[in-house]
């Protein structure tokens, strides 16, 4: 039996609520690798008629052909539809992609339920589904416009057609197509699927058929489509997936963004992402049937491969979190006497981090955008110039402003030429903020009308602010745990000598 419609309705309602209860920023990629690119694809062209060519910004990954346009194209089509309906106001541009992601997440949750229902029974499915909905990290991530989120959703869909022993929904073509799509969107999706596809190949009787009639056609269609999409937008033939793997895996240049010890995923990554589910996951691994060991193998393999790369992030292992939820569900099913206590514990202990990370932690960089949006409503928009003096890509950009306002932020592309003494603009600025500002704005006519900065910087550049006539107009809360260049609050300064608007 398929999952009941009432279950889907409930999940859609919950994920919609989830979407609106996540008002914080996680990592720059959720805007810079999706919405900013989509916004530029749709709106830059419509303004080039007015000779405004800088309406939008592409990060270095795009100028170095490391990212493909297939994923941003999904959001670009939403933006295009809103534009054609003359409904492209900034709030809809922000929330429509998020809501679309929430709807997909809801369908994925129900797919996970159906999968376990087919493999086991409705009771086990119910507990897996409960664990999935309780997960604080899923709540925090599943409505964000991150490639990792789409990779996770596609992994759940693919898993529901994957031939696990006892699966009644197995379909090689469907699962391979979904895996291929995940790899197109985020090439690292190949990692968790390597042991799964290899295991399928080993147990398949008609191996040649599987390769000739499924793998090759699916591969050709997806890679071909991706190549054509990228050809249209890059203007040349590019195999971005290869570039991406070469950069992140072979050259390991991701270290530019920080490196972690080899054991990080085992000692911090997985325990944090699992959160209160951790003891249930360990318990479930011991109880789950043998045929599910392939999922455990895929999880261990993924952690091992990612552990060899020096740049590590929580979101990288998000796609294998649903695997963990299946094991947590088995644990709950067997905890007969303690089940109610365990379920209540899971619900309450996940609620606090879910609400705190979704509503409080790191919300300032999004809240500050509404202050910038207000500059669009004034006739002086043409004179406004906003400079974001924060670690680069701290805030979204035009996708959250949606008017051709002059804006600038500190740049930080890595050096791809092998120059040992290379220092990016943001690092140069932070090494001597006052000196940098005085040098950059030696002439008063060049000064920005508005400066946006973390409060940790205020003391250091106070003389520049006073001398150039800046006054603080707003303070926005950001986080309770400021670190390094990131302060607890964001300050907005406006230049007094300008006509006050």
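Using the three backbone atoms N, Cα and C, a Cβ is placed for every residue, glycine included.
The transmembrane segment annotation in TrEMBL falls on one of the ranges 158-174, 243-259, 294-310, namely 294-310.
According to TrEMBL, the feature transmembrane segment maps to residues 175-198, out of the candidate ranges 103-126, 127-150, 175-198, 343-366. Of the listed segments 76-95, 316-335, 376-395, TrEMBL assigns transmembrane segment to 316-335.
For the transmembrane segment (262-282), the list of distant contacts is 131, 134-137, 303, 306-308, 312, 314, 316-318, 321, 324-325, 327-328, 331-332, 342, 345-346, 349-350, 353: same-chain residues at least six beyond its ends, Cβ to Cβ under 8 Å. Within its own chain, the transmembrane segment (294-310) has Cβ neighbours under 8 Å at 164, 191-196, 199, 248-249, 252, 254-255, 259-260, 262-266, 269-270, 285, 288, 316-317, 319-320, 323-324, 326-327, counting only residues six or more beyond its boundaries.
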